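Before any comments, here is the structure.
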Amino acid sequence: MRDAAVVILAAGAGTRMKSDTPKVLHTLAGRSMLSHALHAVAGLEARHLVVVVGKDRERVAPAALEIGQTLGRDVDIAIQDQQRGTGHAVECGLTALPADFTGTVVVTAGDVPLLDTHTLSDLIAAHDAESAAATLLTTTLADPTGYGRILRTQDGGVIGIVEQADATPSQRAITEVNAAVYAFDAGALRSALSRLQADNAQGELYLTDVIAIARSDGGVVRARHIDDAALVAGVNDRVQLADLAAVLNRRIVEGHQRAGVTIIDPASTWIDVDVTIGRDTVVRPGTQLLGATTIGGRAEIGPDTTLADVTVGDGAAVIRTHGTSAVIGDDSVVGPFTYLRPGTELGAAGKLGAFVETKNATIGTGTKVPHLTYVGDADIGEHSNIGASSVFVNYDGETKSRTTIGSHVRTGSDTMFVAPVTVGDGAYTGAGTVVREDVPPGALAVSAGPQRNIEGWVTRKRPGSAAAEAAAAAGAGAGAAAEDQGPEATGE
């Protein structure tokens, strides 16, 4: 392959998105459109990657540089100060290349999220094989409104491209359209750009006019037709963004299915492009797997589960759970109605049950937190059991502190752990205990006082009530000790 450079056009205003977010930074399948574009071109053996920015450059340029760093590729930024058309944008992009660059220049857009490395590689190979001045991708649309139409000779040769605003009625009837993805000989491109004129309905310098100029100069001009129109579809508004997101999601889902994952209802399952799932895992309806989520084999996920940047081990079950930046060990069970906040790490064969919330907590192998519990800023050892309705009280209004629970600990229901506090290995707590001091290994912690039964209280304080009648029918008396007559005895 000849030396290659890639120019990504990302300077458009994106007004039809009606958004404060730059168009190319809108996301689908867990990546911005610009990220999709850079991932596609990063797979090419291109010497130079250039992103042309204009409006919102203070947000788009740093994003491009960060994505490039993630991909291990240097990205050069070129600035289009004035919006004078696509031809002018490419001119700006060429300023970021060495003046003596003579290879192939690939031009694509930052709002074509499904374009892939394979399609671009084929374009470059076809272009180089014919020593062409210009090679462009085309596709056929049932409704070509808004796209440039491909003009051909009777024998099929490409004459040029006419934009929608400049097309005649007969030209608008053409359904083969320009995909706005090109490969150019650098010399031919520079020469043609220097001769562009803004004598058109938009008053802009059209990159598409380069095709006709290159042909008139005697250069070879070729077109490669793409049957899969979604690969080269652009995004101008949120409707198109949602449409392409659905197409991409369906392809991602099918890829996992073909790799051995059972997805019960593809229509209600959304999976980001960077998610990995092991074989024989079952994904149930209403599930969203987002970000860099990684799921092992033989797991069960869902229904109605959202996991973002979560690692799930082999054989785990995660049911009706919302999790972010968490780790779930092999053969663990989570849910239903469990909330895993960042920093949660559940060991193998553990359990986080119904209405449990965890945050910044490490929970050891075989440990169970079965019901109605908040575990925040905590370390729990192995094979412990946390009773229902327990709370790890980690915040005093100013500082968050940690609680440490040992291994083989059993805590009663409604235990409150007031951090910072440590419960030693093998210790127990009674129901309703408020643990304010460290509990030694093997000890039983009990903070509640003895129970007092004030007999006859209902008959005296709620005479005539249904409760009093039921008590009387059960043989309850009205007498009570004198010391139990005061308001402190009755809670009144």
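Even glycines carry a Cβ here, placed using N, Cα and C.
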Per Swiss-Prot, member of A427, A431 binding acetyl-CoA alongside A388, N394, Y395, S413:
A431
Tertiary contacts of the region 'Linker' (239-259), as residues 6+ beyond its ends and Cβ separation under 8 Å:
17, 26, 28-29, 113-114, 230, 233, 266, 269-273, 275, 277, 279, 283
Do me a favour and check the Cα-Cα span between A11 (UDP-N-acetyl-alpha-D-glucosamine binding site) and D111 (Mg(2+) binding site); whole Å is fine.
10
Longest CA-CA distance among A388, N394, Y395, S413, A431, per record bound to acetyl-CoA, angstrom:
22
With DSSP as the reference, give the number of residues of the region 'Linker' (239-259) in helix, strand and coil.
20 helix, 0 strand, 1 coil
State the count of C-beta atoms found within 10 angstroms of the C-beta of H371 (active site, proton acceptor), not counting that atom itself.
16
